Amino acid sequence: MPQNLIRLKGAVQEYDWGKEGSQSMVARLAPNAIGGEFKLEESKSYAEVWMGTHQNGPAHLFSDPSTPLLSVISSQPKHYLGEALLRKWPGTTHIPYLFKILSCQKALPLQVHPDKELAKHLSEKDPEAFVDPNHKPEIAVSIGEPIDNGAWGEGIAFTGFVGFQPIGRIREYIKSIPELRGALGNDPVAELFVSCKPDEEKERLKQIYSLILRRPQNEVARHVRSLVDRIGEGDWPSDPTSKELGRLVIKVNEQYPGDVGVFSTVFFMNFIKLQRGESVYIGADEIHAYLEGDIIECMAISDNVLNVAFVPPEERQVDDFLRALTFTARDKDHWLLRHESYSKSKEGKTQVYAPPCEEFIVLGTSLGKDGMETLDAVGGPTIGIVTQGRIRVIVGKEREELDTGGIIFVAPGNEIQVEHLEWGTEGEIWWASTVV
């Protein structure tokens, strides 16, 4: 008989932007997320836990680490993925999303994820770098503790750069910050951007952003240093918005000295600040660079990315990056993804984050100190990870007891019951699922 409830062994990814050692949520979850083989090293940067079937970090059975989840699904795809999902994506044996915990202490590469058409082209051109032909819309949900001792605002637990700012703000920065104009080489493109009409804005933004990304790195670095020095000497406006900009310049430059990303994030992109439980949605072809904090991340199953800053020059893919971007400027509120009570929650203890894509939703179940919850069945596969407490998961006659970090797979068509087992402590489990 095929199982409906399977404990999983996830995959830990180490990148230099991840939090170090026991400071990382990823490291704290890892003993139960991947098992006894995990040995904490305080000098290592633990960036992500992956939960899914993507080849760059596939999940395995916790009880049999030599068996990939993909092989179990492939043995009976109708049972493990559901008939409705197979009608939508005929022939697949993959879970259509990639579920992650991410823990970062400094800026991730300034990046964009290509849409399906460009992803297919890139995968055909360079299959080693682009291992799949899929797009990668994603959401990020803040789940960590407040950062920087509240320096970014009360309760702020995650920060990052998302999307282009409204054109008017970028225009004012170029007009008022001589170091930024200098980094642009005093090129006529800058004046064309500053004076452009509304119907020209998208094209002029593309021109000026292309210009700064292609400027000689040594020239950009010289102007970054000049700006950092000026801010450090106090020759900088003291209003709250300007003070925040100055802090961002200093912070990002400390992480990546002289990098073009100092200018191309702080003065061109929206700076987002999320409290715990708040989230953003980033579609394919949209620019972003997460900065600091712990998040739940979920995306369509893909690992495709194009980087242009906060990476070594030889890893920058400027032409394809510019080809992918939408160059649509919007206020930061556009990127926020609202959550609401989940209609399939029987006890009202689960919130749903439902982005405008067909591959996934994310659910957050907060059990409090003595809670229980029941979730009605859905037509696609579900993966959950315990982020606080000790939780029992029950599906029919099957059950698993999971400590913090434990990961579980639930086959489609099954009601899920969860029960918090540690009285007096908080219990929390996050889920990704496909609703078909």
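Cβ atoms are placed via backbone N, Cα and C, with glycine included.
Nobody curates TrEMBL annotations by hand; they come from automatic prediction.
What TrEMBL annotates here:
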| type | residues | note |
| --- | --- | --- |
| DOMAIN | 5-144 | domain 'Phosphomannose isomerase type I catalytic' |
| BINDING | GLN111, HIS113, GLU138, HIS288 | Zn(2+) binding site |
| DOMAIN | 197-267 | domain 'Phosphomannose isomerase type I helical insertion' |
If you count other C-beta atoms within 10 angstroms, which of the binding-site residues HIS113, HIS288 is the most crowded? HIS113
DSSP-assigned states of the domain 'Phosphomannose isomerase type I catalytic' (5-144) in counts, ordered helix, strand, coil: 40 helix, 36 strand, 64 coil
Write out the long-range same-chain contacts of GLN111 (Zn(2+) binding site), meaning residues 6 or more apart in sequence whose Cβ is under 8 Å from its Cβ. ILE287, HIS288, ALA289, VAL305, LEU306, ASN307, VAL308, PHE321
Cβ-Cβ neighbours of GLU138 (Zn(2+) binding site) (radius 10 Å): 24
Per DSSP, what is the residue count of the domain 'Phosphomannose isomerase type I helical insertion' (197-267) in each of helix, strand and coil? 55 helix, 0 strand, 16 coil
Would you list, in sequence order, the residues of this chain other than GLN111, HIS113, GLU138, HIS288 that have their CB within 8 A of the centroid of the site's CB atoms, where the site is the one recorded for Zn(2+)? VAL112, LYS136, ILE282, GLU286, ILE287, VAL305
